[in-house]
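Annotated in Swiss-Prot:
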DISULFID  Cys30-Cys54  disulfide bond
DISULFID  Cys44-Cys87  disulfide bond
DISULFID  Cys68-Cys102  disulfide bond
DISULFID  Cys188-Cys258  disulfide bond
CARBOHYD  Asn38  N-linked glycosylation site
CARBOHYD  Asn45  N-linked glycosylation site
CARBOHYD  Asn51  N-linked glycosylation site
CARBOHYD  Asn78  N-linked glycosylation site
CARBOHYD  Asn90  N-linked glycosylation site
CARBOHYD  Asn98  N-linked glycosylation site
MOD_RES   Ser301  phosphoserine
TOPO_DOM  24-111  topological domain 'Extracellular'
TOPO_DOM  143-149  topological domain 'Cytoplasmic'
TOPO_DOM  175-189  topological domain 'Extracellular'
TOPO_DOM  219-225  topological domain 'Cytoplasmic'
TOPO_DOM  254-269  topological domain 'Extracellular'
TOPO_DOM  296-306  topological domain 'Cytoplasmic'
TOPO_DOM  332-338  topological domain 'Extracellular'
TOPO_DOM  369-415  topological domain 'Cytoplasmic'
Amino acid sequence: MGRRPQLRLVKALLLLGLNSISASLQDQHCESLSLASNVSGLQCNASVDLNGTCWPQSPAGQLVVRPCLVFFYGVRYNTTSNGYRVCLANGTWAARVNHSECQEILSEGEKSKAHYHIAVIINYLGHCISLAALLVAFVLFLRLRSIRCVRNIIHWNLISAFILRNATWFVVQLTMSPEVHQSNVGWCRLVTAAYNYFHVTNFFWMFGEGCYLHTAVVLTYSTDRLRKWMFICIGWGVPFPIIVAWAIGKLYYDNEKCWFGKRPGVYTDYIYQGPMILVLLINFIFLFNIVRILMTKLRASTTSETIQYRKAVKATLVLLPLLGITYMLFFVNPGEDEVSRVVFIYFNSFLESFQGFFVSVFYCFLNSEVRSAIRKRWHRWQDKHSIRARVARAMSIPTSPTRVSFHSIKQSTAV
């Protein structure tokens with residue numbers, strides 16, 4: 001351990017020596033360029049800037065163009081571009097050197113790292129926007145008691161599941177350092193289990209959405225007989241034993257790295273991924289049947305309930321592919337092509353992080369019942385405040401001189 005600081009010091013001294021040798025060679029090269037050039041009159045002397053670019057002897061008032069350096073501090077640059085510097089009219093070099101066109105040539109590893117950082121930013125931005133929209137939608141469903149029915153309670157629980165999933169995503173990102181991954185402590189495994197549980201609940205609540213619509217539209221079963229506890233058992237209850245079984249499998253067969261990722265040849269993750277794919281496929285079948293019925297039997301129907309079903313189906317038609325595409329992308333190999341891999345990373349990051357935003361928009365903000373209830377509340381608030389204003393104005397009108405106040409009567413009786 002004691003030798004490492006000494007080695008670092010030796011390396012630093014060697015680099016310093018090499019840099020000074022390189023700088024002296026550049027100065028000599030710059031002077032030789034200046035001697036070779038024939039410049040008469042007022043001129044700028046040969047100079048090497050901080051980036052190591054040689055600016056040869058040049059006439060005053062001229063913009064000097066020099067190619068970018070091949071290497072600078074170990075970084076390779078594109079030499080087809082140029083740097084610019086002005087030789088001022090008084091024969092001195094301008095302090096500012098324009099190297100904006102000199103772009104570094106990144107290796108494949110550096111490019112992948114840059115794309116990864118951009119994908120992380122997209123993920124953070126998307127999850128922040130999604131969480132904000134989901135919280136607003138949650139509060140609206142909480143406050144608007146007039147629209148509470150089984151259908152909207154399912155929407156509300158789906159939004160709650162997405163809130164919890166987004167919240168645990170932030171916990172994972174902020175706590176799971178490489179050191180924690182390697183230590184495989186108990187709390188980090190619990191965080192992973194919680195994140196996967198809420199991930200599964202998203203799919204089972206989407207299954208609840210499809211199940212409700214299929215029961216109401218295809219089976220023509222009275223929705224009044226449907227109870228919210230049935231859907232609560234499906235959405236929150238069924239995923240729990242699935243995750244418990246997955247956690248037991250991880251504990252015995254793949255107990256490393258906080259249960260993130262998987263060991264080659266171990267398929268414990270399919271314990272929870274399998275049911276997710278299954279309910280996704282069932283939902284696609286439900287949607288196919290629902291759309292078929294709506295297109296044939298209920299096309300001419302104009303009842304308010306049928307209109308609500310159509311709107312719910314439209315929202316589900318949009319959201320289910322969004323949920324499904326992001327999960328099916330997990331099994332897709334983007335290939336070795338650089339462009340396809342970059343597109344895959346960005347596309348998956350965008351859809352994965354903005355899912356909650358789309359759910360809140362389609363099931364809450366564009367929900368006609370929610371919007372109607374908000375308008376009614378707004379009108380009631382306006383009416384209430386206008387009545388208060390009228391009462392306040394009436395109370396502020398001065399009393400007539402002919403009226404006698406109680407205070408004056410009391411004074412006269414006292415006399």
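The chain as shown is numbered from 1 upward.
Just so you know, glycine gets a Cβ as well, placed from its N, Cα and C.
Among the recorded positions listed here, namely Asn45, Asn98, Cys188, Cys258, Asn45 has its C-alpha nearest to that of Cys87 (disulfide bond). According to its DSSP assignment, Cys54 (disulfide bond) is in a strand. Residues 247, 250, 255-260 of the same chain lie 6 or more positions beyond the ends of the topological domain 'Extracellular' (175-189) yet place their CB under 8 Å from a CB of it.
Cα distances from Asn98 (N-linked glycosylation site) to the disulfide-bonded residues Cys54, Cys68, Cys188 are smallest for Cys68.
Looking just at the topological domain 'Extracellular' (332-338), the mean pLDDT is 59.
Comparing the glycosylation sites Asn51, Asn90 on other C-beta atoms within 10 angstroms of each C-beta gives the minimum for Asn90. Cα of Cys54 (disulfide bond) to Cα of Cys68 (disulfide bond): a span of 10 Å.
In the three-state DSSP scheme, Asn98 (N-linked glycosylation site) is classed as strand.
Taking the Cα atom of each, Cys68 (disulfide bond) and Cys188 (disulfide bond) are about 49 angstrom apart. Within the chain, the topological domain 'Cytoplasmic' (143-149) has long-range Cβ neighbours (under 8 A, six or more residues past its boundaries) at 369-370, 373-374, 376-377.
Of all the recorded positions listed here (Cys44, Asn45, Cys102, Cys188, Cys258), Cys102 has the Cα closest to the Cα of Asn51 (N-linked glycosylation site). Cys188 (disulfide bond) and Cys44 (disulfide bond) have their C-alpha atoms 64 Å apart, to the nearest angstrom.
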